[in-house]
Amino acid sequence: RRLRLVGGRSHCEGRVELEQEGTWGTVCDDGWDIPDADVVCRQLQCGHAVRAHGNAAFGRGHGPILRDEVGCEGHEGDLWECPAELEHDCSHKEDAGVVCSEHQEWRLSGGRDGCAGRVEVFFRGTWSTVCNSTWYETEATVLCRTLGCGDVLQRPSFEHTLPGKMMYLCGILQPSLAQCLWTFNKSAPCYQSWAAGVICNGTRS
């Protein structure tokens, strides 16, 4: 009863794909809503759903369309337990997708372009700033590379003006900040800290 999310920026975001008899297929977006997406997120240990997408928002899948008119109530243990139509009149342009609360994505704001500025993280449905108390060369390098912005030039500081605060500690170069140690909205480590920033040596439009 394997399930995965494909085409997103983390394993907690993307097009919903199910495995049936060794073949991966997709789910049609007819009737696709938050209770359905909640079951997917919980099954993947990705928290709860913050968005339920249709219209192949994460690209068109391949293979069979295995479910249509999915009707989860939200408490089911996995997507296979939810009532659904096995016959469908869908194409892959109607593939269903989901964004879960544990998905993290990042942006740099207020700089010359998308490769410089204050670090902001989208997590649990809201944009937050990052504490600079453990924002070292390693953490900044991980982010620059994740964003396709090369390596670190500088690590400026900014004020916190967003509701949440995230803290990262990487230790070694990880593929993304989500794979480092992180804490969210724990006040003590962020006490009197500034918001982290970075200027990477790359550029993007």
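Any Cβ shown, glycine's included, is placed from N, Cα and C.
Of the listed residues CYS72, CYS90, CYS72 is the one TrEMBL pairs with CYS82, by disulfide bond. The disulfide bond recorded by TrEMBL for CYS180 joins it to CYS170 [selected from CYS170, CYS200]. Cα of CYS72 (disulfide bond) to Cα of CYS180 (disulfide bond): a span of 33 Å. Per DSSP, the secondary structure of the domain 'SRCR' (106-201) breaks down as 20 helix, 40 strand, 36 coil. Across the fold, the C-alpha of CYS180 (disulfide bond) and the C-alpha of CYS82 (disulfide bond) stand 34 Å from each other.
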